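In what follows, a structure is listed as structure tokens, so that the remarks can point back to it.
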Amino acid sequence: MPSLSLSKLLRVGEGRMVKRLKHIADHVSSLSPEVEDLTDEQLRAKTEEFRARYRDGETLDELLPEAFAVAREASWRVIDQRHFHVQIMGGAALHFGNIAEMKTGEGKTLTCVLPAYLNAIAGDGVHVVTVNDYLAKRDSEWMGRVHRFLGLDTSVILSGMSPAERRAAYAADITYGTNNEFGFDYLRDNMTHSLDDLVQRGHNFAVVDEVDSILIDEARTPLIISGPADASSKWYAEFARIAPLLKRDVHYEVDIRKRTIGVHEAGVELVEDQLGIDNLYEAANSPLVSYLNNAIKAKELYTKDKDYIVRDGEVIIVDEFTGRVLVGRRYNEGMHQAIEAKEKVEIKAENQTLATITLQNYFRLYDKLSGMTGTAETEAAELHQIYNLGVIPIPTNRPMVRVDNGDLIYKTEEAKFHAVVDDVVERHEKGQPVLIGTTSVERSEYLSKQFTKRGVAHNVLNAKFHEQEAQIIAEAGRSGAVTVATNMAGRGTDVVLGGNPDIIADIALRKQGLDPVHTPDDYEAAWDDVLDQVKAEVKADADKVREAGGLYVLGTERHESRRIDNQLRGRSGRQGDPGESRFYLSLGDELMRRFNGAALESIMTRLNLPDDVPIEAKMVSKAIKSAQTQVEQQNFEIRKNVLKYDEVMNQQRTVIYNERRQILEGKDMEGQVEKMITDVVTAYVDGATAEGYVEDWDLEQLWTALKTLYPIGVDYKELVGDGDDETKDITAEELRETLLKDAHDAYARREAEIDGVAGEGSMRELERRVLLSVLDRKWREHLYEMDYLKEGIGLRAMAQRDPLVEYQREGFDMFGGMLEGLKEESVGFLFNLQVEAAAPQAAQAPGVSVTAASAAATASAAPAPAAPRPLPTQEAAQQAQGTAAPSALRAKGLDDGEPRGLTYSGPAEDGNAQLSRRGAAESDDSADAGTRRQRREAARSQSKGKKAPRTKRKR
């Protein structure tokens, strides 16, 4: 019996699911006549009817046909778009928690309206995840028109929003945003010191657009929030001076394929001579090695106008695959500082990790997850294994007739671009629209200059001009249009032959000062007339374009991922339109240089072909496909590795975040503190009495340690004798019981003292604040230690040990040690903090926990969310009713301020680069100087003393 691959095995039963989806779509279509007869008010009233039926026990599955029919009709009335049969199938697949595989141009954005509307009825919030802010804002405004017509609230999460704006956005029925923004909000919620600062209200249902890009490509790079660590080092500038003196293949070697460098002995000698040191690799100089490596990487592997641009004295990363500038984002591990030194701009400080999570583990938080993409079949096994998601192929609405031509390979880049310009000019003259995909800003500008020389009118869409991208894309399908795009993948806008009427109409209305969010009534009133006018204008042009052969997509280079190439091709031939595509390649392309470029060059040399004569051979196409497969496999291994290591952290993170949320929500921590006292005193006693005989116990040292912890009221000499008499017979158990009783009695006296100073119940408030402060600090230290552990764990392989197993074992031990340290420091703080009654304040200072009563007052003043699932502040208010409110108290020396000057690091749209985004500008003078190793040793050597403290449209 032939064996089945895992991918094929996972697709068994797909046919049954597709048949089920067809039956559902038929049922929805059968309800259309009934829904069409409803007035706008009756259609809108259906939402409340569905909510009432849901509260009365009907399930969302039972409501699906009617809800889909209502949303479908609303789409037609509001935006003049009616869901096709296959889009209803896709919407149902999403509702059931699957990935709907829908080809480019099949209307994934419109499809998402159906499951988003249905699941919003439950009132627990729906998150629609896109790849960038532009698409999130566009989709929330565009599809939000339909949802608002039906009485639902929609909102969007954008970078740069304040916590109050984010909280309001999450309170909406449907929230749009990027994967990075959703993930960072989750991490920030677990760093806040006040319930009022929480923004998210749970993880109910998410629809991920371009799911393969977000859950596969970008999953290689974890989300990281960092804070200032090292002060800017003089060594960045020093090594930026030395790097140009070093010669490639003489002083160092570069592996472009693996993106690594290696310094030769000659290079080490030159550096030692420049720095005036004897040995670069001796212990005192070891930190300099990383500065050297980064300086060479900045020189060889990071190219200006390809990987980054310099604007206003700042190095800004360019997403190589999408061509977008990622303003404010930064490379980690000192790489960004090395590039800043190379470009002679201001060098900003390094950071250390404060909170982190992988996209895999973030999206696993959702009760139900689904996604849409045009290319998920090849990753079916990974999607099932990691996210438990099935991939359902949705048929196309019309058959695809695009012609995909074979690749043309030229010997040099110059010859390739000359041929590209000739091809484009020829097609432009006959009126065929052309879309050219490039891989960098530099190449798009080079082509632009060539077209200008030849007198070809064209538009450029790249990292420097993507603000105008909607208008450029809307006009890219007009006859004779030539559009140069850094990369089309993820742009999310269809190129419609003759022009995109919806986008053109939207732009026209915005020029009149109308907006679907701020002036919805005027916008909707003007929409129909403007849209009809635009449609009439583009129809005649669309017929001309079809006669000329449809949209011609021309790729100037192959990308690492076949999926990116397919997405570029997929811009042509949408909805059964004619179209054509071809890739122009050269032996100088990066992919060719990384894989078998030399072999291909020798073949072309033997053929003795002129530079301007291309070859079109299956062998070359196979070599390219093989190279892409190798890169995809490498990236898959990286993703698996990232996930394996994060699994260790995920269990620890879950424990810490659950504990933290309980403290924030005002849970009575008295029992937990009493247990901490028991555990800490027991550990002290067990450590001192491990020898077994009273004569061997160092009770003086034990008492000295206990005195730093709490005011001990027992003299050890009374227990075991004063030295002159014979030692009294006492067991370790008896000693432990005596000291435990003494410690708990001391805590009772401490509680009475605190309540006397700041009012009844103040001890509970102090417990919460101390535990929160210590928990946060110990968790940050633990993340720092885990980072350090992971940096060097790979070396264990040299000792024939599995690095992952070693990381798991040592990580577990370190987490246990962190928890013990947390208990000890918390107990010390609670006994020794100097507490006084604080003067009444109109508002709580940031980062200071509020009392139960003030939490209730604040929560009751907060706007109620639109959906039944309450915000955390409201839950706390409900729990706090009837609780006695202590006076405000102030604890001297307690660090309960939140971290400042944060940096946010996450994946770019292609998932390739580790990037960071500087948070809101905040002063922070607490960054310690020194290398990571020095900071680590300093932290470890701290003394114990410091630890203690509308109308219906015509059809």
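A Cβ is built for glycine as well, from the same backbone N, Cα and C atoms used for every other residue.
Annotated ATP binding site per Swiss-Prot: Q87, G105, E106, G107, K108, T109, D494, in sequence order. Sequence-distant neighbours of K108 (ATP binding site) (same chain, 6+ apart, CB under 8 A from its CB) are G90, A100, M102, D209, M372, T373, G374.
Under the heading compositional bias 'Low complexity', Swiss-Prot lists 874-888.
According to Swiss-Prot, the feature compositional bias 'Basic residues' maps to 943-955.
Residues or ranges marked as region 'Disordered' by Swiss-Prot: 861-955.
In this entry, ATP is bound by Q87, G105, E106, G107, K108, T109, D494, whose most widely separated C-alpha atoms sit 16 angstrom apart.
Shown in sequence order, D494, G570, R571, G573, R574, Q575 are the residues of the chain, 6+ apart in sequence, with a C-beta less than 8 angstroms from the C-beta of G105 (ATP binding site).
Other than the site residues Q87, G105, E106, G107, K108, T109, D494, same-chain residues with C-beta atoms no more than 8 angstroms from the centre of those residues' C-beta atoms, the ATP site, are M102, T104, L110, T111.
Taking the binding-site residues Q87, T109 in turn and counting surrounding C-beta atoms within 10 angstroms, the largest count is reached at Q87. According to DSSP, G105 (ATP binding site) is assigned to coil rather than to any helix or strand.
Of the listed binding-site residues E106, D494, the Cβ environment within 10 Å is emptiest of other Cβ atoms at D494. Taking a C-beta cut-off of under 8 Å and a sequence gap of six or more, G107 (ATP binding site) has these contacts in its own chain: Q81, H83, F84, Q87.
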